[in-house]
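What Swiss-Prot records for Asp488 is active site, proton acceptor. What Swiss-Prot lists as ATP binding site is Leu371, Gly372, Ser373, Gly374, Asn375, Phe376, Gly377, Thr378, Val379, Lys396. Look at Swiss-Prot and you will find 167-258 tagged as domain 'SH2 2', backed by sequence analysis. Per Swiss-Prot, domain 'Protein kinase' is recorded for 365-625. Residues or ranges marked as phosphoserine by Swiss-Prot: Ser43, Ser201, Ser313, Ser344, Ser573 (among others). Annotation comment: Swiss-Prot describes Tyr46, Tyr130, Tyr520, Tyr623, Tyr625 (among others) as phosphotyrosine. Positions annotated as phosphothreonine by Swiss-Prot: Thr339, Thr378 (among others). Per Swiss-Prot, the feature region 'Interdomain A' maps to 107-166. What Swiss-Prot lists as region 'Interdomain B' is 259-364. Annotation source Swiss-Prot lists region 'Disordered' at 293-328.
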Amino acid sequence: MAGSAVDSANHLTYFFGNITREEAEDYLVQGGMTDGLYLLRQSRNYLGGFALSVAHNRKAHHYTIERELNGTYAISGGRAHASPADLCHYHSQEPDGLICLLKKPFNRPPGVQPKTGPFEDLKENLIREYVKQTWNLQGQALEQAIISQKPQLEKLIATTAHEKMPWFHGNISRDESEQTVLIGSKTNGKFLIRARDNSGSYALCLLHEGKVLHYRIDRDKTGKLSIPEGKKFDTLWQLVEHYSYKPDGLLRVLTVPCQKIGAQMGHPGSPNAHPVTWSPGGIISRIKSYSFPKPGHKKPAPPQGSRPESTVSFNPYEPTGGPWGPDRGLQREALPMDTEVYESPYADPEEIRPKEVYLDRSLLTLEDNELGSGNFGTVKKGYYQMKKVVKTVAVKILKNEANDPALKDELLAEANVMQQLDNPYIVRMIGICEAESWMLVMEMAELGPLNKYLQQNRHIKDKNIIELVHQVSMGMKYLEESNFVHRDLAARNVLLVTQHYAKISDFGLSKALRADENYYKAQTHGKWPVKWYAPECINYYKFSSKSDVWSFGVLMWEAFSYGQKPYRGMKGSEVTAMLEKGERMGCPAGCPREMYDLMNLCWTYDVENRPGFTAVELRLRNYYYDVVN
């Protein structure tokens, strides 16, 4: 999305941010307009795109750089590049469609920072409000949702933010739009946008010399929006921004957003009851002073005597009150927050957690088919009747015939760990049942283990895998902060709720550390998954969050290998010898270099120099934001 792509260019001295074409030309004039002088700016048409402005024969030439679906950048019909900087470097050696070679970058003057676009100023608040309203999340659940799904939320907000803008009137008729525009002031350039039909087209209604003009806004096959024969835009707010600077095919520029009738009539409680205007020439220069209004608070009225044509008292990018559109869920793919396992079932204050987490067996129904089995027994799908809802659950059932007290102790130890954990990226325990067998009742993750899912779905793209391993790193960061060591982190113990939602499971080997401890020391060597273990675990029986980081590196290797077994064909002792020699597993085929570099960082031999999950999660997050957008 725009924000992350722009962030990746901010370090370039010749990147000017969200400036207009005219501003770019002024800068090139300042630089002497010599052939090959160039600068880079943010695209005002395409989300995540850029524009290249080049001087040649005393004229400025402009090229749109679009971000492709695979995350590369290209001028239309040209070669794809990993970044805008790479594209500029290439065209300094090959014109390849440009009017001339790029010879000299025009750098920002001292003290000048890249100009911020209107969406960057508002998106954080819009995202937060959208997540709060849509999923009723608060606190850590809200923060986790924003971090893990930020690219998707940015895209969602960018393409639907118009629903919250005062100039968007939704599904009203042509006649209604004319009546609305003609109410109140008759300022030239007063406008509104309405939805025309279900095909995604709109209409711009513009007041000029007392008449209402109608311009159709069509959506092409690629989703771009434009008036007939006009420039194409990714979003309505970009279109409005553009035509507030220049008419460019309209009879005049957009000047005054036409408010909804309730606000125009000055109804009590309407957020913008005062008639207002803003001067022509665009929105970006004025949006810097924007502050997101607190719920229930009006923005202060302009001081008396101020000149309405030159002083802005109405921000066209200020969201109006009210909920987001009801059809939004139909326009996007499901996010983790849409599932019933994103929040704990006990997050609802009306759902009372049973004392000592023991559940009533009569409220639990089990299916006959097994989801899986192991030394402990079996796992079955079930349904648990809570106070308000019936919850789909996974039930780990202890073998009855063995009557082994050690197995029971292990199950209860796992339950003891799980009852203390509450995070969207960790399988939560609902409770335990003592009936025909001991049962551990947990959240259900329908798609099963990550390794098996990837083995069967090799079409899954890298960015989807990065999304999932990032979620695992978020869950592990939570464990680290909560002073728990997992000790069995592997792809087989990551369960998928959906193709885009992973949860860490299987806490049978997990240990809680005391506040004064940073590692757990086992007394004896058990049935350990040695191929996932750090050297200090094997050599000294020491386990910490840093040893979980080593295991996470192996999990990443499994994920990018589409579920292959690590160190295939090797015995545990051979793996240990290999690690002692400083050797590591090779890069999986097709795995991004940045991800393999992170694996090797996780496999740092010296535990003191190995990063913790705070650093690992942040590095993954930044890379994930970059490739997904």
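Glycine residues also receive a Cβ, built from the backbone N, Cα and C atoms like all the rest.
Taken together, the residues of the domain 'SH2 2' (167-258) have an average pLDDT of 92.
DSSP labels the residues of the domain 'SH2 2' (167-258) in these numbers: 19 helix, 30 strand, 43 coil.
Among the residues the record lists as binding ATP, namely Leu371, Gly372, Ser373, Gly374, Asn375, Phe376, Gly377, Thr378, Val379, Lys396, the two farthest apart have Cα atoms separated by 14 Å. For Tyr46 (phosphotyrosine) paired with Thr378 (phosphothreonine), the C-alpha to C-alpha distance reads 52 Å. The Cβ of Thr378 has fewer other Cβ atoms within 10 Å than any other of the recorded positions Ser43, Tyr130, Gly377, Thr378, Tyr520. A Cβ within 8 Å of the Cβ centre of Leu371, Gly372, Ser373, Gly374, Asn375, Phe376, Gly377, Thr378, Val379, Lys396, the residues given for ATP, is found for these other residues of the same chain: Glu370, Ile397. Secondary structure of the region 'Interdomain A' (107-166) per DSSP (helix as H, G, I; strand as E, B; remaining residues coil): 44 helix, 1 strand, 15 coil. When the Cα atoms are compared, Ser43 (phosphoserine) and Tyr625 (phosphotyrosine) turn out to be 19 Å apart.
The two recorded residues, Leu371 (ATP binding site) and Tyr625 (phosphotyrosine), show a Cα separation of 34 Å. Cα separation, Tyr520 (phosphotyrosine) to Asp488 (active site, proton acceptor), rounded: 14 Å. Annotation for Tyr623 (phosphotyrosine): same-chain Cβ neighbours under 8 Å, separated by at least 6 residues, are Ile466, Pro592, Glu594, Met595, Leu598. In the three-state DSSP reading, Ser43 (phosphoserine) counts as coil. Cα to Cα, Gly377 (ATP binding site) and Asp488 (active site, proton acceptor) are separated by 18 Å. The Cα of Ser201 (phosphoserine) lies closest to that of Val379, out of the recorded positions Ser373, Asn375, Val379, Asp488. With respect to Ser573 (phosphoserine), the closest of these recorded positions in Cα terms is Ser373, chosen from Tyr130, Ser373, Tyr625. When the recorded positions Tyr130, Thr339, Ser344, Asp488, Tyr625 are compared by Cα distance to Val379 (ATP binding site), the shortest distance belongs to Asp488.
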